[in-house]
Amino acid sequence: MAQFYSAKRRTTTRQIITVSVNDLDSFGQGVARHNGKTLFIPGLLSQENAEVTVTEDKKQYARAKVVRRLSDSPERETPRCPHFGVCGGCQQQHASVDLQQRSKSAALARLMKHEVSEVIADVPWGYRRRARLSLNYLPKTQQLQMGFRKAGSSDIVDVKQCPILVPQLEALLPKVRACLGSLQAMRHLGHVELVQATSGTLMILRHTAPLSSADREKLERFSHSEGLDLYLAPDSEIFETVSGEMPWYDSNGLRLTFSPRDFIQVNAGVNQKMVARALEWLDVQPEDRVLDLFCGMGNFTLPLATQAASVVGVEGVPALVEKGQQNARLNGLQNVTFYHENLEEDVTKQPWAKNGFDKVLLDPARAGAAGVMQQIIKLEPIRIVYVSCNPATLARDSEALLKAGYTIARLAMLDMFPHTGHLESMVLFSRVK
């Protein structure tokens with residue numbers, strides 16, 4: 001007769017232990033050792049001692065939280081944001097920018113088994129040109145919450161300021177809160193997005209019930225008084241333009257239009273430097289044929305087309321392909337072809353795969369580009385630039401190129417999101433002759 005037992009949950013004792021942190025992981029957590037086990041401790045820096053309690057105990061590692069810090073690292077800084085430690089947006093405001101960059105670079109070097117050649121960075125504060133703020137009506141107080149999610153929770157931190165937002169957006173926060181908090185539809189608001197484009201500021205309001213004419217008038221007056229382009233979104237697919245023209249931003253000498261819901265890099269400064277460095281690494285020549293995979297609306301594709309003989313961009317989202325084609329026309333680029341294809345399927349039968357290319361750039365999502373690596377190898381490009389938002393899948397995909405005879409010529413850490421645990425990077429692979 002079979003017997004069934006419920007699995008025993010590993011319990012943690014609330015015993016206080018003293019640890020010394022000797023390293024940081026890529027997420028900015030302090031790393032310590034206790035009784036032969038690795039401990040990950042948010043909020044601690046290298047060279048700091050602290051009393052901690054274990055919150056999660058696994059076979060190979062444990063997580064802990066600080067009870068009392070006993071010493072401070074010389075690289076500890078006072079967080080600029082009053083919400084730091086509660087808001088889930090930032091994890092590393094307590095660390096110097098230099099330490100953040102060094103620890104992320106070290107984590108990247110360990111994963112890639114290669115020295116980081118450079119850090120591509122820009123201003124560490126006031127860099128974020130897009131924000132999505134959750135909205136929640138509190139019946140007891142009849143107040144509207146507006147802010148970001150708490151770390152590890154769906155609760156909202158009511159933010160009054162956010163120093164990583166570009167100054168124009170941070171200055172808008174109290175005004176947007178006051179406007180939305182005066183609407184009759186307070187109970188039926190989902191979130192509000194703020195975007196700073198070169199053309200001006202956008203506000204996209206998601207509402208879950210129809211707005212009254214009084215609310216619409218109030219929002220329209222607010223948009224005019226603050227010089228905003230206003231968009232209303234009754235669901236996740238539709239939005240209505242209330243005021244404003246098609247938004248656009250400057251990028252590497254080009255003017256790129258975009259829809260309010262289109263993905264654009266939130267850090268304009270690092271994006272400009274990243275694109276410029278990618279073109280430099282590829283050493284684009286007037287006779288080159290260049291392939292850009294996971295191209296989006298042409299963040300790399302269009303700048304590449306200003307230097308190459310021809311460029312092909314491949315993207316899985318049809319709206320972004322359409323926007324890329326439109327921006328090519330607007331910028332007078334006639335040597336660009338965009339394809340709408342799913343790069344997670346069999347790419348060998350896709351029309352772009354029949355062409356020859358001298359150089360390749362790819363910028364996949366977090367899942368990486370496992371499905372296209374063999375096709376890239378078949379193309380035998382001289383140089384490949386891989387832009388990554390996930391170092392684990394980058395390391396995995398790199399193995400295929402290294403086995404095929406490519407070498408890592410350059411490796412850069414992209415400081416796209418200072419004060420957070422996000423690690424982005426860019427690699428140049430060269431074919432061994």
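Using the three backbone atoms N, Cα and C, a Cβ is placed for every residue, glycine included.
Per Swiss-Prot, the candidate among Asn331, Asn335, Asn342 that belongs to the S-adenosyl-L-methionine site alongside Gln265, Phe294, Asn299, Glu315, Asp363 is Asn342. Spatially, by CA atoms, the recorded positions Cys81, Cys87, Cys90, Cys162, Cys389 include one closest to Phe294 (S-adenosyl-L-methionine binding site), and that is Cys389. Across the domain 'TRAM' (10-68), DSSP assigns 0 helix, 36 strand, 23 coil. In three-state terms derived from DSSP, Asn299 (S-adenosyl-L-methionine binding site) belongs to neither a helical nor a strand segment and is classed as coil. Around the Cβ of Cys81 ([4Fe-4S] cluster binding site), the number of neighbouring Cβ atoms within 10 Å comes to 19.
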